[in-house]
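K.L.:
Pulled these features from TrEMBL for this protein:
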DOMAIN    70-414  domain 'Peptidase A1'
ACT_SITE  88  active site
DISULFID  101-107  disulfide bond
ACT_SITE  299  active site
DISULFID  334-378  disulfide bond
């Protein structure tokens with residue numbers, strides 16, 4: 001008896017699956033990476049410091065504020081070369097030091113990428129350069145595999161650094177960060193600004209190649225402030241077990257790029273209609289936006305909260321009238337470390353998935369106070385600058401699971417369970 005056509009097709013399908021596997025039918029799992037908290041005793045020893053020099057900060061005074069950075073372990077090349085990278089939603093390029101970048105060239109890390117040791121390395125014609133107010137990085141783009149967790153992403157554009165000037169030269173943390181894992185948007189890369197060429201940064205590339213199940217990544221950082229494996233980065237998923245209640249989502253704005261396209265997603269920003277706090281008398285005070293909203297960057301590559309000096313002066317003078325400002329920092333009595341008054345950012349209700357009464361993210365003021373490294377006072381991790389940059393960093397974000405959803409172009413804040 002001859003088998004039916006249906007049975008024949010079924011047997012052929014089974015044969016194909018046994019021969020080539022079920023990979024095409026299996027849903028990819030999120031990639032989970034532990035986050036390491038790197039502690040620095042001085043601001044000018046941080047990758048964070050190199051980024052923030054463009055804010056016009058008084059760096060000598062910032063060295064009185066202990067800083068923390070988030071590091072994740074990845075491997076680049078075949079066979080893999082391992083690097084500890086700063087997780088940075090505020091930039092888009094992933095870069096590591098080249099073999100040419102030694103201590104005298106500004107690279108303090110002894111861990112260097114060797115293209116000759118990788119069988120999957122491909123050179124690129126595009127050079128890489130970023131200029132900061134007090135520093136710079138220069139090098140070249142290349143393509144190679146990057147292994148994140150157990151997932152290998154081939155042909156990823158990255159950059160090697162040949163020279164570096166500025167604060168990173170002074171980095172003294174152990175373990176030492178080797179470079180940056182950029183998790184921002186394609187239009188914010190150095191390649192686009194210098195050469196008008198687009199490529200997909202790491203999170204976008206993982207999604208484009210269907211290596212993760214959802215077009216997003218989420219960040220959880222524990223409240224411990226010691227150098228330790230203290231959180232988790234998840235590409236393609238969210239750990240809802242850590243979240244209390246619903247996630248508050250805020251749509252990110254579009255931007256028009258000079259000499260480029262209009263209406264593109266460019267940075268991980270949220271629109272804030274005001275900053276709210278409660279005084280000791282229980283009165284609600286607000287720092288209102290002049291034009292209806294303030295655009296705050298949500299930046300895992302920054303530790304503190306950064307504002308222009310006019311705005312931060314107004315906020316702090318009402319919040320803690322006794323605060324003493326010394327250049328970019330605000331010194332307060334250490335009793336404020338026990339303060340339970342709430343500092344809240346009111347997200348613009350037109351951008352969120354909740355009503356105005358629930359469209360805010362907040363933390364106790366006491367969680368924003370750290371001991372001074374040089375005296376008996378304490379320091380607020382709210383830093384004033386001389387430019388128009390507003391940044392919400394990890395000292396605030398550690399109270400949430402933060403979701404960077406590039407599929408729906410929004411940022412989510414899930415309150416951590418107690």
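In case you wondered, yes, glycine gets a Cβ from its N, Cα and C as well.
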K.L.:
Kindly assign residue 334 (disulfide bond) to one of the three DSSP-derived states: helix, strand or coil.
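P.N.:
The three-state answer is helix.
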K.L.:
Measuring CA to CA, name the entry from the recorded positions 101, 107, 299 that ends up nearest residue 334 (disulfide bond).
P.N.:
299
K.L.:
Can you check what DSSP calls residue 88 (active site), collapsed to helix, strand or coil?
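P.N.:
Going by the DSSP assignment, residue 88 (active site) falls within a strand, counted as strand.
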K.L.:
So for residue 334 (disulfide bond), how many other CB atoms are inside 10 Å of its CB?
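P.N.:
Excluding its own Cβ, the number within 10 Å is 15.
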K.L.:
In Å, rounded, how far does the Cα of residue 88 (active site) sit from the Cα of residue 378 (disulfide bond)?
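P.N.:
Residue 378 (disulfide bond) has its Cα 27 Å from the Cα of residue 88 (active site).
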K.L.:
Of all the disulfide-bonded residues here, 107, 378, which one's CB has the most other CB atoms within 10 A?
P.N.:
107
K.L.:
Under 8 Å Cβ-Cβ from residue 299 (active site), six or more apart in the same chain: what's there?
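P.N.:
Residues satisfying the criterion: 88, 89, 90, 268, 391, 392, 393.
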K.L.:
When you measure from the Cβ of residue 101 (disulfide bond), which residues in the chain that are at least 6 apart have a Cβ under 8 Å away?
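P.N.:
Within the chain, residue 101 (disulfide bond) has Cβ neighbours under 8 Å at 107, 112, 139, 160, 161, 162, 163, 164.
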